[in-house]
Amino acid sequence: MKLIPVTDREALSIRAAEMVAEKVQEQPDSVLGLATGGTPEGTYQQLKKIYDHGEADFSRITTFNLDEYAGMPKDHPQSYHTYMQHKVFQPLQLKPEQVHLPDGSAADLEQECTRYEKRIAETGGIDMQLLGLGENGHIGFNEPGTSFSSRTHVVQLKPSTREANARYFDSIEEVPQQAVTMGIETITDSRAILLLVFGRRKKEALLRLLEGEVDEGFPASVLKKHSNVTVIADEEALTDVSAEVMRHFTG
Ligand SMILES: O=P(O)(O)OC[C@H]1O[C@](O)(CO)[C@@H](O)[C@@H]1O
């Protein structure tokens, strides 16, 4: 795991967008794994600037999202389908056939998980996966305790995750109880992973990731076993990380 420390959220977003754009420049038919939530929003804004300036061509990429709420129509204002349409697919003018999300409104969710895994495999797998970090260490919606060998599956969301995401809904009761998420092994099968972490809210999780053991009780710790993970983190998230640990991951 390699750490790139940056000053703040904006610097993180610029750096992450540059890395995604560089990947697409060197491999125009890249398969990108994308995340939702607050973390990658700035990165998507920066990618739009890069696109508008004609500095990258996204017309041949394929995308796969990490997760989607279960039981939510695709056109619900808080669905990840809607988020992606507004923040990525329309701004980068991606065509429907280029983009993929799990269908949380599918009648048979187990079948949907199998379909999604198959689709990822058919494209040859993910070249670069963007990830945010949950306060409890979740990646995608893989909550603590999820097997490191899990594939795309249906999850019961923890109360803490529902509370963290309640800010996007009118009330916590409206936050779905379940989601469909890529599994941990689906994520770690990606050839490269870019984990973005900013803000004080994430400092305990980042500290545990950098200093703690690899353990299924903290899903993100699996990233330490992967050979190509870059963590971009800002000063606030790195507040409690010792100089020695910083040197270890940046050196
Ligand atoms: O970026 P946020 O909103 O802090 O959330 C952290 C992670 O949790 C999720 O919301 C759950 O999948 C991810 O989309 C995100 O990367």
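Cβ coordinates are placed from backbone N, Cα and C, and glycine is handled just like the others.
The feature domain 'Glucosamine/galactosamine-6-phosphate isomerase' is assigned by TrEMBL to 12-230. Feature annotation from TrEMBL assigns active site, proton acceptor to D67, H138. Per TrEMBL, active site, for ring-opening step is recorded for N136, E143.
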Coarse DSSP state, helix versus strand versus coil, of N136 (active site, for ring-opening step): coil
Residues among the active-site residues D67, N136, E143 that border ligand 1 - Cβ under 6 angstroms, in sequence order: D67
Model confidence over the domain 'Glucosamine/galactosamine-6-phosphate isomerase' (12-230) (mean pLDDT, whole number): 97
Collapsed DSSP category at E143 (active site, for ring-opening step): coil
Largest tally of Cβ atoms lying within 10 Å of a Cβ, found at which of the active-site residues D67, E143: D67
Residues that sit under 8 angstroms from H138 (active site, proton acceptor) by C-beta distance, when 6+ apart in the chain: P144, K158, T161, P219, A220
Integer Cα-Cα distance in angstrom, D67 (active site, proton acceptor) to N136 (active site, for ring-opening step): 17
